[in-house]
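The annotation site 'Important for tRNA non-discrimination' is assigned in Swiss-Prot to H31 on the grounds of sequence analysis. Residues or ranges marked as L-aspartate binding site by Swiss-Prot: E174, R220, H450, R491. Taken from Swiss-Prot, the feature region 'Aspartate' covers 198-201, and the record attributes it to sequence analysis. The ATP binding site annotation in Swiss-Prot covers R220, D221, E222, Q229, E484, G536, I537, D538, R539, and the record cites sequence analysis as its basis.
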Amino acid sequence: MYRSHTCGELRPAHAGQEVTLAGWVHRRRDHGDLIFIDLRDRYGITQVVFNSAHPTAHEVAETVRSEYVLQVRGKVRIRPPEAVNPDLATGEIELEASEAQVLNPARTPPIYIAKEGGEDESVRLKYRYLDLRRERMQRNLILRHRVVKFIRDFLDAEGFLEIETPILIKSTPEGARDYLVPSRLHPGKFYALPQSPQQLKQLLMVAGYDKYFQIARCFRDEDQRADRQPEFTQLDMEMSFVDQDDVLDLIERMFTALCRTVVPHKHLPTPFRRLSYAEAMERYGSDKPDLRYGLELVNLSDLLIETPFQVFRNVLNSGGQVKGIRAPGCAHFSRKQIDELTDVVRAGGAKGLAWAVLPTDGGEVRSSFAKNLAPGEFAAIVERMQAEAGDLLLIVADQPAVVAASLDKLRRNLAERLQLADPNTLCFAWIVDFPLVEWNEDEQRWDAVHHPFTAPKDEDMHLLATDPGKVRAKAYDLILNGYEAGGGSIRIHRRDVQQQIFSLLGISEEQAQAQFGHMLEAFEYGAPPHGGIAPGIDRLVMILADEPTIREVMAFPKTQQAVDLMTNAPSPVDERQLKELHIRIVMPE
């Protein structure tokens, strides 16, 4: 037996007991006759005391260094009051060592384990097995385990079945590029790794498994924008004989109970707000707004139709918008800060930023545009934006998509500057009534906003043939603190409707049969009404753990270039393997 207890287990009630611990040397302090070692495992830290009364153990303690793997036997004793460490769960006791054995020595680690070292992330990823020893990483992975376990227990109690679906599937054009796997047994043919189990879970509904879930691994060969990973984990769910409210109510109950169990210190407003897609875009410029703060967009377009200011007027005459954000109490912002905000909206596509400062002393307004307005127009803007002395008004004029993108960036930037987003608040909300399709100007065709299996709203079905851009979907996104936490929809369950949507998306009958024939045929054998959702596990745990990226809550993540620095994947393979697969590599020129 290597250990009788863990390093986080011993308490004053164990005083006088002979115990055996095993773990890593966290810290070592040598005072000659006395050597103190903090012994660590994932459960905690115990202080071990080596003294010359036990010379063999003391000699071992003289040789060990940080991260040695050590086994220690000794007697638990109460620490003197002045030596109690309130920062440790075991801080009231210590272990007086009588025997010690080095189970494995260790080289000097390239990163600090006992504290955050500030090293480059690439070093952490290369030595991930060392980085994972750190308290922060252990805390995150334990939280992840608790989240997944809670979900499994909750859904089991709700009558769901956890069913595994294949990893090797058929390649179909669902969105991002597939990861392809060549078939040795069928030369020239390929499997794909699933971007999601979307079609398979719908087929499970056809099969009669009315409540399905899976902690599903998903793969997308896409450009690694911002905080993405080529492989990720989602809670995949599907239910039969449900409408949108049934799905939303279940998920809301689950996430409310989850958060109150695993992060009880966080504030969780309930019930979750519900906003239509149109309302979210109008008020926040985003379909995943952070609702922990205000800074809502204010539409000024109708006030400025006849304005003599040509910048605003030309935009409005070309179908654009004029919208602004009131930054309360920000009249003190310097010109340098306003220039920085201008760069923020330019990153969203805007050509510039109009601004006005309402001084606190009742003095003259400073503005980049007010002097160009007609009498009364600036006063109308101030009234519409409910501005007060000491406020800063920030306005963008452009086409609606640019106004939304740029003011969304501005809103988030202001919230960060003003520290408006409470990290201890979890603000969930539902975004509903998405458009079913959007026009792809480059390809001159309609694209599905979510995926081609999303059902249109019944009351909009008549518009499919005449005005598809106005058709709303039975789709919904769960958002959390400015992130999309999960997306779902009620699905199409009739072959004729599915074929109509394929046709709208420019998928011919031949293509539909080749790519989705199994789905279309299944719908002819009694497919029930069904719907589901797929919240992302990585993103959820990242937010609950107050981490900046999903890499901090994954055991072995890849870089933004999809490289595993620890194992050097991807890597070349043996020529023999390529021959077996009938593959020849043609390098790009």
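Just so you know, glycine gets a Cβ as well, placed from its N, Cα and C.
As a summary of secondary structure, the region 'Aspartate' (198-201) carries 4 helix, 0 strand, 0 coil according to DSSP.
Distance from the CA of E484 (ATP binding site) to the CA of R491 (L-aspartate binding site) is 20 Å. Counted over all residue pairs in R220, D221, E222, Q229, E484, G536, I537, D538, R539, the record's binders of ATP, the longest Cα to Cα distance measures 20 angstrom. In sequence order, R144, V147, V148, I215, F232, T233, Q234, L235 make up the list of same-chain residues 6 or more apart from I537 (ATP binding site) whose Cβ falls under 8 Å from its Cβ.
In the three-state DSSP assignment, the secondary structure recorded for R491 (L-aspartate binding site) is strand.
Closest to H31 (site 'Important for tRNA non-discrimination') in space, going by CA atoms and restricting to the binding-site residues E222, H450, E484, R539, is R539. Distance between Cα atoms for E484 (ATP binding site) and H450 (L-aspartate binding site): 13 Å, as a whole number. A strand conformation is recorded for H31 (site 'Important for tRNA non-discrimination') in the three-state DSSP classification.
Counting only the Cα atoms, the space from E222 (ATP binding site) to H450 (L-aspartate binding site) is about 17 angstrom. Annotation for the recorded positions H31, R220, H450, R491, R539: lowest Cβ count within 10 Å of the residue's own Cβ, H31.
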